[in-house]
Amino acid sequence: MRPLWLLTLLLALSQALPFEQKGFWDFTLDDGLLMMNDEEASGSDTTSGVPDLDSLTPTFSAMCPFGCHCHLRVVQCSDLGLKTVPKEISPDTTLLDLQNNDISELRKDDFKGLQHLYALVLVNNKISKIHEKAFSPLRKLQKLYISKNHLVEIPPNLPSSLVELRIHDNRIRKVPKGVFSGLRNMNCIEMGGNPLENSGFEPGAFDGLKLNYLRISEAKLTGIPKDLPETLNELHLDHNKIQAIELEDLLRYSKLYRLGLGHNQIRMIENGSLSFLPTLRELHLDNNKLSRVPAGLPDLKLLQVVYLHSNNITKVGINDFCPMGFGVKRAYYNGISLFNNPVPYWEVQPATFRCVTDRLAIQFGNYKK
């Protein structure tokens, strides 16, 4: 059994997302943190690449900063009131946890010698300044969590090995062109909770990125940003001030399977806008100002979940969700939420939901008066 404290630490690092994440980017115990490079280090069969933790006798590196806990290449220095990055960190460290401290600056040599570091956690500090070469030694860094700090810009010269960047809840107002240059491995960026407006994204800001996941929630967006990566599978823009979805807004995002637009001010979705999303499986439009079900849902043959609750929908047509006629192939819905709308649910014809797996998948009632 993996040490309980280590599991607790790693699970605590993930931040709440706008709606349920089905394991796509949840931060759990990653085997990469525990990989051993030599048999002597593990004392067990290394054919699998991961040591048998049950057979290991707990050992502590001779290099462990005062007050920190060091075990199995994990250095935990959280909640210590640290003002700076501690010294005497073992060079074979793979996870360094510095969250919940008072660090205000990352200096040039703070991470010197940590060439094996895989994950760096700096959440909830007071970081406002980062030296341009602070991350240079981190040639194997894949996960950088630097949320809930005082950053006003995205750090320069991020490691090219980086896969996941969580930089939400800072003070970033601008995403300049070239800031992500060379990050060919980047897969996930979480940058919600920053005062970003549409004008803050320079043309080409995301050039070269092949992201699967992007979240820009709880910002100041009034529309869907232009020129986001075409490779996106998940795009979360909830809790903004978006008022409308125009025809060209979703044109380049044909690979999306989850789109989050809940908690905005959307009144209008232009006809045909959703036709550019042939692989869409999950659509969140709850807590907006829609007066009708968006057009085009029956044509999205893979769509299975639609959240439309807490809008101003007054009528639901018999063909709003399902294709007309019989024999038209499409995936069955397993979730449609329409509660907290002013539509009288007793007036909706049962055939409206003929392509839903089960009546329990339909959330209706609690209509607005």
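Cβ coordinates come from backbone N, Cα and C, glycine included.
Between C77 and the candidates C64, C68, Swiss-Prot records the disulphide pairing with C68. Counting residues of the repeat 'LRR 5' (173-196) by DSSP class, helix then strand then coil, yields 0 helix, 4 strand, 20 coil. Sequence-distant neighbours of C355 (disulfide bond): residues of the same chain at least 6 apart with a C-beta under 8 Å from its C-beta are F321, C322, P323, R330, Y332, Y333. Under a cutoff of 8 A between CB atoms, and with a sequence separation of 6+ in the same chain, the neighbours of N271 (N-linked glycosylation site) are L247, A295, G296.
For C64 (disulfide bond) paired with N312 (N-linked glycosylation site), the C-alpha to C-alpha distance reads 58 Å. Neighbours of C68 (disulfide bond), defined as other CB atoms within 10 A of its CB across all chains, total 18.
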